[in-house]
Amino acid sequence: MYKAKFHVENDSKCEHNQYYSDQNSPFLRCVTRCRQTTYCGEVAVPDEHLFQCRFCIQSNPLSCVPSGPSDGPGIIGSDFLLYVSAVPSQRCQNDDTIAYAAHCQQEAELDRPIAGHVNICPQALSTHSHDQAFLLSTVKHEILHALGFSAGLYAFFRDSEGHPRSRRNQNSGRPLSFNRERGFYDAEPSTVRTIIREDWWTAEGELPHPVHLLVTEKIIEEARKHFNCSKLEGAELENQGGDGTSLTHWEKRLFENEAMTGTHTQNPVYSRLTLALMEDSGWYKANYSVAEPLHWGNGLGCDFAMKSCGNWIKQRMERNESAAPFCADIKHDGSKSLATTRCTDQRDSLALCNLVPHKKELPKQYRNFAKLKGVRKEGIKYYGGSVELADYCPYNQEFEWKAINLSGRRDSRCELIGNGPPDGEIGEEHNEGNAVLELYGHGSRCLDLGSSWTEKKCGRTRTYSQFMAGCYQIICSNGRVNIRVYNSTKLYPCYKPGQPIYIRKMVNGWLREGQILCPECEQFCLSSTNNFNEQKEDLKIFCLPSTDPPLEEEIGDHLIEELSCKAYR
């Protein structure tokens, strides 16, 4: 990081933001008057943080006179000042706005942001345990905007030698092109490049589709490595959402849960790509060892990175392959739920495919389906993923359970013990209880179910077809994955992926039956992935080769006869 020469200190702001520009002077010189109060975002900046204001009768520096308090001491030994507020501002009136941020001041020599602000909308603050990780990630996200991840700063980026990436006006030292419509300087194609994808598949045929990419060195390297696509031109920026979202975030379709996409949906991570952007600004040196893994799109190749999700889904469904990380299961048809639970790719949460009907026809370039099971041809143009920023591409997404007459909140993350289903008897009004005997908490992960679970009593059978996945405790022991279900101390060993575990238990007089499918051991029990062993951390965790269960016997509970009505009474 380039440090301020002595200390970080802001310029007092000029009235009407009118000032004379002089790249040889470290101070702003106001055209008319100085503002009585200087704001950084919603915060009034203390005079101690400000240079004395200077206003000029004419552009000649000799005509300038000081105004207001003398120079403040600034903050000694600091690199960046962040002003934080929680004010119900006008921008907070938008229900979708949780927080916002920007830089307020750049240093004169290398353009690095040296002051910025974050405002957290008070109505978005929550002390609920379910929201803590989300709120923390939101604050980090906004700080990164103030530090450099901003369309308003791309034109000021510098190369590794400190030279501007975008050409400068010789008189003002500013970038050449100011975009009056957007209110910031435009970066040149050496930093941000617009490319037309001519073969963008849609249900209406192939259409030209413009994409905007950051094309600096480290970003290109990380993007190509992430997708395993050597011809990828750079990393795509968001093209929707309007000012404050468009161009200032990664494209949601390609980087779904990267924390610097334009909307939080699940499990945000700060990846190597975001660190590469900060390094390519020329203002920072990235420590890539602290980057979090981004699994979305990893290794999926150029078709994923450079073509529409509609093309990806169509090709895989034609080959009877999974459309992952996208999906094609309709969540609801506008009147009734059709959803079935699935696992996220990282098996850290239950998820639902967010494919839904919209009130209006989708834009032609985002019509990703030519056909959908159970939907008439004329209705397909209304169907897409619920997240607009993801180009209406549907994918499995974490969710929050909705229940009537139940206190508290439940979402679908497996690791939170409070997400466990209520213990009420299945069949009670508004309460399905723990239908598939899930066990939430530390060490729990999402596993696929082999078939619809049932419960039987007195000749009656109930089928729970909406559950095709559940959260269960994982324990790594003796080279195997072991599974534990709700209200049981028994461990069920897995010998190979896809092996069914047969669960048969009596619950409130009902015979509950179902299958849990074993995951790959390597996904949980290698040293690099293990969080589930009950042994000491310094013991080596390993996975034995896959094999059939001993004597090809069923793994699970013994057969149980359902109670007769007479026996139950």
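Positions of Cβ are set from backbone N, Cα and C atoms, glycine also.
Predicted automatically and left uncurated, TrEMBL annotations should be read as such.
Taken straight from TrEMBL:
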- HIS141, HIS145, HIS249: Zn(2+) binding site (BINDING)
- GLU142: active site (ACT_SITE)
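The C-beta environment of HIS141 (Zn(2+) binding site), restricted to residues of the same chain at least 6 apart in sequence and closer than 8 Å, consists of ALA99, ALA259, MET260, HIS264, PRO268. Other Cβ atoms within 10 Å of the Cβ of HIS145 (Zn(2+) binding site), summed over all protein chains shown, number 25. In this structure the alpha carbons, written CA, of the residue listed as 'active site' and HIS249 (Zn(2+) binding site) are 11 Å apart. Here HIS249 (Zn(2+) binding site) comes close to LEU237, GLU238, GLY241, MET260, THR261, GLY262, LEU389: these same-chain residues lie at least six apart in sequence, with C-beta atoms under 8 angstroms from its C-beta.
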